[in-house]
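Student: According to TrEMBL:
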TRANSMEM  12-34  transmembrane segment
DOMAIN    23-476  domain 'Major facilitator superfamily (MFS) profile'
TRANSMEM  81-102  transmembrane segment
TRANSMEM  114-137  transmembrane segment
TRANSMEM  149-171  transmembrane segment
TRANSMEM  178-202  transmembrane segment
TRANSMEM  208-230  transmembrane segment
TRANSMEM  293-314  transmembrane segment
TRANSMEM  358-375  transmembrane segment
TRANSMEM  387-411  transmembrane segment
TRANSMEM  423-445  transmembrane segment
TRANSMEM  457-475  transmembrane segment
Amino acid sequence: MAWPHIFQRGALLSRFSHHHMVVFLLTFFSYSLLHASRKTFSNVKVSISKQWTPSAFNKSTELLPVEIWSSNHLFPSAEEATLFLGMLDTIFLFSYAVGLFISGIVGDRLNLRWVLSFGMCSSALVVFVFGTLTEWLHFYNKGLYCSLWIVNGLLQSTGWPCVVAVMGNWFGKAGRGVVFGLWSACASVGNILGACLASSVLQYGYEYAFLVTAAVQFAGGIIIFFGLLVSPEEIGIPGIETEDNFEEDSHRPLINGAENEDEAEPNYSIQEGNTVTQVKAISFYQACCLPGVIAYSLAYACLKLVNYSFFFWLPFYLSNNFGWKEAEADQLSIWYDVGGIIGGTLQGFISDMLQKRAPVLALSLLLAIGSLVGYSRSPNDKSINALLMAVTGFFIGGPSNMISSAISADLGRQELIQGSSEALATVTGIVDGTGSIGAAVGQYLVSLIQDNLGWMWVFYFFILMLSKGDSLCFLG
């Protein structure tokens with residue numbers, strides 16, 4: 001039954017121009033750079049914690065210990081520094097979540113290229129001030145760090161709704177699971193890039209890790225401003241709604257098992273020929289009421305909590321729990337993202353074959369629970385740890401990538417809003433924003449649970465969240 005669909009996708013994919021490839025690569029690397037700057041912070045937590053506590057006293061011989069404490073250090077112990085780092089993660093994710101709801105609405109009303117470029121360049125400047133300039137000036141202030149990270153979260157939130165909306169404008173329903181599954185590896189590639197950049201310059205000081213990633217991100221924002229095409233209509237290529245009409249079952253949603261949707265009446269007119277039809281963007285409330293949006297948003301909240309906990313805390317966990325060097329822990333954490341890249345692509349392909357996404361997600365999350373149990377009992381062996389980490393990333397990172405990209409695109413282009421790209425960024429913002437709220441709460445809980453009960457109870461918490469997410473996927 002699936003083979004005719006594959007042949008149809010092959011015919012559509014053969015019509016992709018070099019513009020599609022340029023858009024794919026530009027959006028891919030733009031979000032990779034945003035994620036690289038986030039990953040830098042998690043990769044240098046040990047170095048920051050040492051700089052903020054009395055353990056750094058021996059780094060200077062010019063000042064007395066009391067003077068050094070007064071001017072350079074914020075916390076009396078590494079434990080309190082760790083809690084503050086966890087609070088910064090929470091602050092970032094809460095502001096990021098709020099920003100996603102706003103950025104999705106703004107992105108549907110302004111030029112997506114302008115919004116994305118502004119967010120990348122402005123965020124790079126904030127990261128430079130946070131991690132590099134404060135260290136160069138030896139200015140340490142908790143209020144300043146919190147304020148900068150709130151602003152950074154708001155600016156970084158412009159990225160995901162914009163890049164998903166642009167990709168949704170260029171790539172239709174045919175093969176979306178594979179295309180978006182491969183493309184959604186941008187976050188994992190960014191994590192790998194950030195880890196490599198941070199570990200390569202960490203010997204010179206953590207401030208240079210922030211400097212390198214901020215500079216590369218700023219340059220990427222400039223390239224996006226001058227090089228990104230937001231939609232095919234900008235250069236006279238028919239929009240994806242026209243291409244989707246070539247498919248016999250174009251009205252068959254991939255996010256559930258419904259069969260007969262031909263009677264659905266679209267609320268928006270599609271374009272005719274090369275004429276771009278001006279459509280009105282839907283409201284936030286209307287986007288929330290679309291079928292599947294709330295269920296998948298809540299499922300993503302549970303899943304992103306676990307995924308981002310690995311993102312923020314994995315290098316720290318490896319260094320703290322096994323005593324491995326910080327640079328080694330940074331490099332080893334890459335295997336979680338490798339598993340996520342493979343998982344997102346393969347699971348996207350399977351969902352295209354089955355013409356359904358929910359069963360693939362549910363099964364993967366069920367297997368993710370078993371992989372978490374195995375990883376929580378990993379021995380002090382880097383090879384075994386890396387293997388278990390990759391398997392865990394496959395079953396957790398894969399579904400996370402699918403919900404945030406392919407399923408968000410499916411939700412934003414349902415029959416109820418067919419022909420309206422002005423819904424896609426809003427829906428993406430709702431899904432990712434809700435997920436980020438869950439992740440924000442989770443980062444504080446992870447540091448709290450770890451400090452009071454230990455790492456094993458953190459893994460029990462992850463298992464509970466995955467179970468909740470698994471059940472919500474069936475409702476979607």
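The backbone N, Cα and C atoms fix where each Cβ goes, and this holds for glycine too.
Explain the structural surroundings of these features, please.
Tutor: Note on the transmembrane segment (81-102): residues 38, 41, 45, 48-49, 52-53, 74-75, 142, 145-146, 149-158, 160-161, 284, 308, 312, 316, 429-430, 432-437, 439-441, 443-444, 446-448, 451 of its chain, located 6 or more positions outside it, place their CB under 8 angstroms from a CB of the stretch.
Remote same-chain partners of the transmembrane segment (114-137), defined as residues 6 or more beyond its termini with a Cβ less than 8 Å from a stretch Cβ, comprise 30, 33-34, 37, 40-41, 44, 51, 103, 106-107, 144-145, 148-149, 151-152, 155-159, 162-163, 166, 205-211, 213-215, 217-218, 220-222, 224-225, 228.
Distant neighbours of the transmembrane segment (149-171): 19-20, 23-24, 27, 30-31, 34, 37-38, 88, 91-100, 102-104, 106-108, 112, 115-116, 118-120, 122-123, 126-127, 130, 179-180, 183, 186, 228, 230-232, 239-240, 404-405, 408-409, 412-413, 421, 424-426, 428-429, 432-433, 436; these residues of the same chain sit at least 6 beyond its ends, with a Cβ under 8 Å from one of its Cβ atoms.
Sequence-distant contacts of the transmembrane segment (178-202), counting only residues of its own chain at least 6 positions beyond either end whose CB sits under 8 Å from a CB of the stretch, comprise 24, 27-29, 31-40, 43-44, 47, 163, 167, 171, 208-209, 212-213, 216, 311, 315, 326-327, 330-331, 333-334, 336-338, 340-341, 344-349, 352, 393, 397, 401-402, 404-406, 409.
Distant neighbours of the transmembrane segment (293-314): 38-39, 42, 89, 93, 191, 255, 287, 329, 333, 336, 361, 365, 389, 392-393, 396-397, 399-400, 403-404, 407-408, 411, 427, 430-439, 441-443, 446, 458, 462, 465-466, 468-469, 472-473, 475-476; these residues of the same chain sit at least 6 beyond its ends, with a Cβ under 8 Å from one of its Cβ atoms.
Cβ atoms under 8 Å from those of the transmembrane segment (387-411) belong to residues 160, 164, 167-168, 171, 173, 176-177, 180-181, 183-185, 187-188, 253-255, 290, 292-293, 296, 299-300, 303-304, 306-307, 310, 314, 332-333, 335-344, 346-348, 351, 357, 360-361, 364-365, 367-368, 371-372, 374-375, 378, 424, 427-428, 431-432, 435, 466, 476 of the same chain, restricted to positions at least 6 beyond its ends.
Proximity of distant same-chain residues to the transmembrane segment (423-445), defined by a Cβ-Cβ separation under 8 Å and at least 6 residues beyond the stretch ends, is recorded for 86-87, 89-90, 92-94, 96-105, 107-108, 112, 157, 160-162, 164-165, 168-169, 281-282, 284, 287-288, 290, 293, 296-298, 300-309, 312-313, 403-404, 407-409, 411-413, 417, 461, 465.
Only residues 6 or more beyond the boundaries of the transmembrane segment (457-475), in the same chain, are considered here, and those with a CB under 8 A from a CB of the stretch are 295-296, 298-303, 305-306, 309, 358, 361-362, 365-366, 368-369, 372-373, 375-376, 396, 438, 442, 445-446, 449-450.
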